[in-house]
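Enquirer: Mind having a look at this structure? Questions to follow.
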């Protein structure tokens, strides 16, 4: 209609252009808003994390790093210390060292953390209960054709953005990456409601949400291509080529916006950008694959323990005290984290330090090697050296931090606050990887005459890069928890700029997926979908049983017959009674109760609206008016009430299958089209109905589970 009218006048032509561009305009707006919000969140988190330790006197809104940028009194060795930045103990009792100063700083660190966490959980509880959790399981469910009302609303967007800053700053073991996908999808939902083309078409709106998810990952990791692949591999149910291009554009705009804001001040999109110069060797594949095995085992352990704890939260009294739970976990995290320098700082900074290669200018404990005084080598290519006391201290601190992170993340993910899983998983992997890397490096240094090191590690050469092992470990653990492969590798090399390390990353990602799949096929998001009882048909599951549609359809033998409407023999009162007595979301329409020949399907919502409007507007529609679904209602006797014609709300082409259709085909139809129900017929006669929930129950039954144990939300 728009195309045919566009030739009539200039105005109609402009309208047709606007309609054609509306998709790209929506993507542009999503990218701009998602990028801006991500930049603001990054800046706010940076400032509030440092606020727990001290304050900048020259301008209180500066973080520690920004405060010392402008100072002229910093030295190279004490680059973190400048007179403008004061710890709380210096400010309050004028002491920077000593027991009393340490205890005061410790106490204030815990108080700030508790304050941030309490504020976050209270905001979520009062204003937007849907703002809790990661958001990715729910977005997967929404994209599979299930509607969760209010999940992508404006309040959810606002509260999730604010509370995300608070919870990440409080030092809890969670990341902001998953919730940023939810935030971007809220932006997508908001902008698609402004264009009638998207607000009235559920299918088109889902395509916008797929693209928004890509923009979310793009700004979370500064990985635009990784974002598109993440949306394709992990989130989306249906991903046509058009959505691929739009996702690409949205991810590009979002990344560009974030780059313009430049939240980290290093002209990069991410905090942990690294550049390694040394190649890797074939012998190193063995430790890389070992890290993959570790990642798979950690993923399995995490999913099992976390789901058990979340189920306990749902079924016991623990779930009634969400605020208290958050306060207790925050207190434990802050008390245990403060003494260890690796858990005290924000997780992103920790990962950044673990990924870093030790150059000549590094002041980290991890780089405290014993230098050879006669060394005359270029600065960036420092040979392998024996570890100094700092490295040994760092090793046991990292080991303690690793155990603490593994345990605390199990209890943190799933609380009633926004919580992402990417960063904690990467931290666990990076700590394990860095420790393995230092081990391999020292082994190569002290035993360079062994057969495995002889070919590639001569004395005085820079053979092993411990930072690379941290990177591979991070990828392995993230893969073990989420079961991503392609998008994970792309995100990792976009994140770190390590293009020549694709093979080690691929080896670790595939190994971790195999090991984790050996213990259970579900990733963390699918496990949470099942736990919450969302009707979600996983595309990755195979249905290999030889049952037929007639085995699954309702009504079964001995059950009440199907609730149907007839085309010309029911009154308005009959229809209203049927609507009142049942809670189905639609009714099949048949010729008559005797013939049961199927004509179409009428949605419950549209029936209610049509009857309500008819009573308000049309004269003569009363309770005993006859409802007609036929094209031309017959002539009525002169004194009979006015009929109600509802042909226009009838779906004349509902999805139907015959009773002998194999269930394998039915499951495929439900998956690929995101159906909610499907009618079963034989030679045009209606026999029954199959809903998405019936399909899920049947699949559970075939997998020898109790079909009634599937709780639907």
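In case you wondered, yes, glycine gets a Cβ from its N, Cα and C as well.
Quick paste from TrEMBL:
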type	residues	note
TRANSMEM	21-41	transmembrane segment
TRANSMEM	106-131	transmembrane segment
TRANSMEM	152-172	transmembrane segment
TRANSMEM	208-232	transmembrane segment
TRANSMEM	285-309	transmembrane segment
TRANSMEM	321-338	transmembrane segment
TRANSMEM	394-414	transmembrane segment
TRANSMEM	421-440	transmembrane segment
TRANSMEM	468-493	transmembrane segment
DOMAIN	553-617	domain 'CBS'
DOMAIN	650-708	domain 'CBS'
Enquirer: Within this structure, do the transmembrane segment (21-41) and the transmembrane segment (106-131) have 3 or more Cβ pairs under 8 angstroms, counting pairs 6 or more apart in sequence?
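Expert: Output no: the transmembrane segment (106-131) is apart from the transmembrane segment (21-41).
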Enquirer: Using Cβ atoms only, state whether the transmembrane segment (321-338) and the transmembrane segment (21-41) have three or more pairs under 8 Å that are 6 or more apart in sequence.
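Expert: As far as Cβ distances go (cut-off 8 Å, pairs 6 or more apart), the transmembrane segment (321-338) and the transmembrane segment (21-41) do not touch.
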Enquirer: Within the same chain, where does the transmembrane segment (208-232) have neighbours whose Cβ lies under 8 angstroms from its own Cβ atoms, ignoring anything closer than 6 residues to its ends? I mean 6 or more beyond.
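Expert: Hits for the transmembrane segment (208-232): 23, 26-27, 30-31, 34-35, 38-39, 139, 142-143, 152, 176-177, 180-185, 187-189, 191-192, 198, 238-239, 243-244, 246-255, 257-259, 268-270, 422, 484, 486-487, 490-491, 494-495.
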Enquirer: For the domain 'CBS' (553-617), what are the DSSP-based totals of helix, strand and coil residues?
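Expert: In the domain 'CBS' (553-617), the DSSP-based counts are 24 helix, 17 strand, 24 coil.
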Enquirer: For the transmembrane segment (468-493) against the transmembrane segment (285-309), do we get 3 or more Cβ-Cβ pairs below 8 Å once near-sequence pairs (under 6 apart) are dropped?
Expert: yes
Enquirer: Quickly jot the same-chain residues contacting the transmembrane segment (394-414) by Cβ under 8 Å, restricted to those at least six beyond its ends, or write none.
Expert: 133-134, 172-174, 298, 301-302, 305-306, 309-310, 313, 329, 332-333, 336-337, 340-343, 350, 364-366, 368, 421, 424-425, 427-428, 431-432, 434-435, 438, 524, 528
Enquirer: What same-chain residues lie close to the transmembrane segment (285-309): Cβ under 8 Å, and 6 or more beyond its ends?
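Expert: For the transmembrane segment (285-309), the list is 406, 409-411, 413-414, 425, 428-429, 432-433, 436-437, 440, 469, 472-473, 475-483, 504, 507-520, 522-524, 527-528, 531.
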